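Enquirer: First, the structure itself, so that you have it in front of you.
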């Protein structure tokens, strides 16, 4: 059999039937399969994609100094070779090797006399890019939880936030092209054959990256529908089996009912649509990250949130960074004593030199702490640069900006389910302010928190009342008698002007009841199954499934710490399932770790921390999050 010809395997007669390349077109629409130049266009597209990946990978992160192999940004002093094109010797060698491979494959394709010869390099490239993102190691162990999202969605109403709601995730901008009725080639799980075979299926339901698929031949029978993540390696555009010499095998339950599978498929596929041929390549491209191990950053100090601290990137997974404080210390077995997880677009993360520039407090690194035995510190440390970070909207800091003492409402950084009466304590540069929660401050400013003027977490006076949100009051006040105007008179202060706040509804697309995967920002290494409980303007109130409402958290609708259903499976990050009796019904494999109940967190001295309801006051007394 010639390469490029699709093979249909009839399970009853064990005959292989050939269909020509013109039968099924791999382009986005299949209705043009009869055009004489259809496959030629497809071939050229694949060759271009091939060259794009291996020859010119710099297009994603354009800057003065960017590694042409992995996309890492940095300074000329830390880059390899005289040309400063690569961040390391390995990237230089990999670039050279892949450029040669690109040339060889391109010549093979052009020499096929009109036939499309596409080896599995597309899958290879996808695998290579994913390995690059994950090469620093799995964040939470080697075994994923295996949460059964499909079963869970069916039990909870099939409502999940679409990928287009999350502006920071792979293929967000292109997800409107993915819709119900698309045709795909997917692994056939209804066969007794020992090797992998595939069959054509139709998307009948979408939930984040997850799709409910129905095999061709089952018509209106939904008893064999299966949930599959479109970002995984077992889902492909129509025609992938043809160009990769894979078998198309109908499920055992239907192969006897249809004798001429070739005619049946042609009838079903005419006018249909499928995934773009470079779907998985673009998915992998979007997962590329400008950060790598040994890059130095400034990040909030978890032991004292009013200051930042120098940290080093240890692990990169799907844009999420595990950061090790430079003087965090190592345990007797070499384990890290203090780390911090956040997304690369997190407002808590800054380039080296940010604190000094804006006037923010930064902890001086304790040079007596030796971290050199950890792999992240064995490499040459490289300072991060501003181009690696998300740029915030510029604000005018003239005479009508925030002033010290102004009152506002703010999300409590130590209890993210509460919106509290707060005050501006200090005005920094570049639109940043320090905010304190009224009535519970320690007095030395160590529990102030830094917010940008564009932050979702600071709100004008009266916002909670206008949107029916409980406002957490200072000690000694009660909701029956608290009035903002009276409180301002008693304290001799003024409310911050409403025009200074960014409370506009950004049209995020979320609605109450939608399922998603969300970071527990009180323990940011964990990504959990969550539900949108409320939408108020740009704010979302997230509920962690299986947990009490007191653990709910307010987040921005554009937060980089929320993800579509299926994101963890694509990136290899471990998803924490709901706790309680529902857990055992939706787990395919036993997870390596479980989300610890928050009431069991241990404070300094081995004491048990209180519940979230009491944590606000207690944590401030013990110098918040101290480890």
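Placement of Cβ uses the backbone N, Cα and C atoms for every residue, glycine included.
Taken from TrEMBL, the feature compositional bias 'Basic and acidic residues' applies to 1-15. According to TrEMBL, the domain 'FCS-type' annotation covers 58-93. Taken from TrEMBL, the feature region 'Disordered' applies to 1-25. Taken from TrEMBL, the feature repeat 'MBT' applies to 147-251, 259-365, 371-474, 482-578.
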Enquirer: Counting CB pairs under 8 Å, which listed stretch among 147-251, 371-474, 482-578 touches the repeat 'MBT' (259-365) the most?
Expert: 371-474
Enquirer: Which numbers of helix, strand and coil residues does DSSP report for the repeat 'MBT' (147-251)?
Expert: 18 helix, 31 strand, 56 coil
Enquirer: Within the repeat 'MBT' (259-365), how many residues are helix, strand or coil going by DSSP?
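Expert: Counting residues per DSSP class in the repeat 'MBT' (259-365), I get 22 helix, 36 strand, 49 coil.
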Enquirer: Looking only at the repeat 'MBT' (482-578), what is the mean pLDDT?
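Expert: The average pLDDT of the model in the repeat 'MBT' (482-578) works out to 94.
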Enquirer: Sort the residues of the repeat 'MBT' (482-578) into helix, strand and coil with DSSP and give the three counts.
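Expert: Across the repeat 'MBT' (482-578), DSSP assigns the residues as follows: 19 helix, 30 strand, 48 coil.
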